[in-house]
Amino acid sequence: MYAASTTLSRALAVNAGRVLRHLRAAPGLALVAIALIWLGWPWSAFPAFILAVALSTGELLWVRATANPNRLLCLVLGLIGCRRVRSRWAEVCESAGLARGSGNALHLPQLMKVTATWPYVSARVRPLIGQTATDFVAASEAIRMAMNASRLRIEPAGPRELDLAFTVGDPLAAVSPADISQTSDLDALTIGVREDGAPWRIAVGPHTLVAGCSGAGKGSVFWSTAFALAPHVPTGTVRLHGIDLKGGMEVLVGEGLFTSVATNAKDAVALLEQLVQLMQQRTVRYAGRVRSHTPTADDPLEVVMIDELAALTAYANDRDLQRRADTAINLLCSQGRAPGFMVLACLQDPRKEVVPSRGLFTQTIGLRLKDRSETTMVLGDGATESGALCHQIPRALPGVAYVSSEELSHPMRVRAFYADDEAIRATAQQYSAPERLEVPTFREPADRRRLRTVEASE
């Protein structure tokens, strides 16, 4: 008995700090623990000690969970999802045509393990011999509905296995307000949240194309990007140039943020051509001296933000304006990254004939789109098979999108922050541009000017 007490005392001494931390975090059951040890010492010290620590640890976990109801809900939903997958696996495989045989001779794809990490329930599966990922993709909708999941993504996991990732909740259902980032990091901008709860960040440098139907939330991406850049505007290290051919209905709400604004086609072309000229001048200065741009007040990051790209490249009545706009955008997108010129363009129709320069935008964001073909146009071949379902985004979720990047193994579902008019005006006032760049007067080519002169004289 004495030896047991001595051993217990040593264990308590070694782990005293850890035990005390648990007891402090769970004060209610800490009293029970102390009473049990006091009443039971020394004849039942060890059982009392184990029970006390177990009770205290249990209370600690409960307090932590209930202090964050969302975490508790996520835990419960994850456990329910895991149980559902395990209990329904045989029935689902049989009804979806993935099982062979019947009765006692029924052969199923092997369910190797099931884990939950909010908002996903992941199942590692080993298909039957002769089955491929294509068989599971073909049955994916039946599997998804049977498992009561909002989405299902299927990916290879080695030479003989597949990962089935069920989305069991929707963390993007709630709208997050746009906020001003105080970080000085200009490598990536936080403009929303990802489905897995991580911040949604887009790289600074690659040109970005935002595609979505009317009401899909292009304005949310537009202003979230502007908000993320806003702290750098007053210092002159970032200059925003806004082009909005809807008469300025979008851009003029936050006009103070922009160094220059164009609200009609002629001004837009003149501004784009002016920026091309500035880019080429900077390129000449950098030649042989600078390989990559670092934003400074003397050489700022020039960000061109276009509210409706197709209005310039496809819908303008003047063919010459279309050609000149397309040429300027092509030059900015093909040559602008190294000297510090970046284009973010929004549009509704992603067809190549509408946006000939689509391939020059290396960072694409797919909001709600009309059909699978448009999703493929925006996010590339295989996007829908990898889980990008832009055409299935509900109208009630503006700002929700799918994005692909080199960092992600599959398209990620995201939601942009939302900024209302009041927040935009307040931000524009607080972070106003220190100077204005005058949009030059639009000049027609000499041959067209001569033609107009002749027509006027006749």
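From the backbone N, Cα and C atoms, a Cβ is placed for every residue, glycine too.
Whatever TrEMBL says is automated annotation, not expert-curated.
Under the heading ATP binding site, TrEMBL lists Gly212, Cys213, Ser214, Gly215, Ala216, Gly217, Lys218, Gly219. All protein chains shown were included, and the count of other CB atoms within 10 Å of the CB of Ala216 (ATP binding site) stands at 25. Under the DSSP three-state reduction, Ala216 (ATP binding site) is assigned to coil, being neither helix nor strand.
Marked as domain 'FtsK' by TrEMBL: 186-376.
Under the heading transmembrane segment, TrEMBL lists 21-39.
Just so you know, the Cβ of Gly212 (ATP binding site) picks up 29 other Cβ atoms within 10 Å once every protein chain is counted. Apart from Gly212, Cys213, Ser214, Gly215, Ala216, Gly217, Lys218, Gly219, the ATP site neighbourhood in this chain, defined by C-beta within 8 angstroms of the site C-beta centre, holds Gln348, Leu367, Arg368, Pro398.
On its own chain, Lys218 (ATP binding site) has Val210, Gly212, Asp307, Cys346, Leu367 as residues at least 6 apart in sequence with a Cβ closer than 8 Å to its own Cβ.
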